[in-house]
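Engineer: This structure is in structure tokens; I'll ask about it shortly.
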Amino acid sequence: MSLSLWQQCLARLQDELPATEFSMWIRPLQAELSDNTLALYAPNRFVLDWVRDKYLNNINVLLNDFCGMDAPLLRFEVGSKPLVQTISQPAQSHHNPVSVARQQPVRMAPVRPSWDNSPVQAEHTYRSNVNPKHTFDNFVEGKSNQLARAAARQVADNPGGAYNPLFLYGGTGLGKTHLLHAVGNGIIARKPNAKVVYMHSERFVQDMVKALQNNAIEEFKRYYRSVDALLIDDIQFFANKERSQEEFFHTFNALLEGNQQIILTSDRYPKEINGVEDRLKSRFGWGLTVAIEPPELETRVAILMKKADENDIRLPGEVAFFIAKRLRSNVRELEGALNRVIANANFTGRSITIDFVREALRDLLALQEKLVTIDNIQKTVAEYYKIKIADLLSKRRSRSVARPRQMAMALAKELTNHSLPEIGDAFGGRDHTTVLHACRKIEQLREESHDIKEDFSNLIRTLSS
């Protein structure tokens, strides 16, 4: 019996679990087999508890399948084992909301002198820029951002570990910046003298230009390559800035070699960033890449309720649902609308009711209703799937037509205030039960298929922009 037993388990788990789950929870585990005990090491308590709660039975079943009566006992521990083990990763589609580079070994025991042993370097004054108001505690979690939050939490607990770099991507106002600051605050809480630097990518460019003008490029390099964690927002703004990309390429390599944490955000998947060198885009995907989706209705309601609570405002549930059903694109838009409602209520002394909200947000709501119509949804979906609008309205039942039709119906329910019968009528006079079935089918497929989930998110972004 040897570690090949765990490798067999890994191979089976890769086949049995969704790629996202395997990448997030199973891949970071390290294994040690001795005295008929298989010890699995998790990078932190969060991962340990999750794996033990969700996958303990799966692993025990596999051990019994492979070993029968000789199956080893299973033990979980937090920590790392001084061993590097490379496992074969499944091919990742660029449409996957979570991807981990195939060519990278699992880093079993990173040596992190900057985290554990090094004194604080006094040669620079570090501009942390981490906003203490953005933490994991006040980040509202939902299906749309659950994986991103979990990955960020793990990085905060174990910087420089398996998820380095961490790349978060998604549309504007979905919480990427909040998570960057939350990671920074988490690292600083763990080690107050850690050198954590947050910045927008344009600040990196500005600093480099200033260093070139002042003949201080070596000082620039020392500054950025000696941080413990570098958090860069909107990396897509490096596009077509060749000298900045060159400098960041070498900075990236230096930080990764030193097991210093890198977290990047963008509005698109790394390989889809135009104007950025392929060697950089490749490195962006070396660690963990996670998408943040537009928030679903329940998460939008939770965001509004939490924001109101932070402002000591009582927001009736029906009012929160009214706003959330009509403003769907991003968190920033939701919070801006609520701030407007609160300000109007404070100025007028009126209670916050649905009628009051309808009046306070009348121009915003009118704009939303004008932007997203069933006709617009049908046109956008037809163009996306390269079919005719007439196909969506027809009685054709081939998958190439039926699936886009179901997608369009689900989007109409999500993005408009039309009833199911009204939506059915707009799709060739179909019954409301057909619309309900379509919505449930798309919801199911979004859980099972990365491509369907990505299609849904792309269409939401297109229709909401």
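Any Cβ shown, glycine's included, is placed from N, Cα and C.
So Swiss-Prot lists the following for this protein:
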REGION    1-84  region 'Domain I, interacts with DnaA modulators'
REGION    84-128  region 'Domain II'
REGION    129-345  region 'Domain III, AAA+ region'
BINDING   Gly173, Gly175, Lys176, Thr177  ATP binding site
REGION    346-465  region 'Domain IV, binds dsDNA'
Engineer: Starting from the ATP site formed by Gly173, Gly175, Lys176, Thr177, give every other residue of that chain whose CB sits within 8 Å of the mean position of their CB atoms, in sequence order.
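Structural biologist: Along the chain, the qualifying residues are Gly170, Thr172, Leu174, His178, Leu179, Thr265, Ile292, Asn330, Val331, Arg332.
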Engineer: If I restrict to non-local contacts, at least six residues apart, and a C-beta distance under 8 angstroms, what lies near Gly175 (ATP binding site) in its own chain?
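Structural biologist: Spatial neighbours, sequence-distant, of Gly175 (ATP binding site): Phe139, Asn145, Ala148, Ile292, Val331.
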Engineer: Using DSSP, how many residues in the region 'Domain IV, binds dsDNA' (346-465) fall into helix, strand and coil?
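Structural biologist: Result for the region 'Domain IV, binds dsDNA' (346-465), in helix, strand, coil order: 93 helix, 0 strand, 27 coil.
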Engineer: Where DSSP helix means H, G or I and strand means E or B, what are the helix, strand and coil counts for the region 'Domain I, interacts with DnaA modulators' (1-84)?
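Structural biologist: Summed over the region 'Domain I, interacts with DnaA modulators' (1-84), the classes give 47 helix, 17 strand, 20 coil.
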Engineer: Kindly assign Lys176 (ATP binding site) to one of the three DSSP-derived states: helix, strand or coil.
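Structural biologist: Note: Lys176 (ATP binding site) is helical by DSSP.
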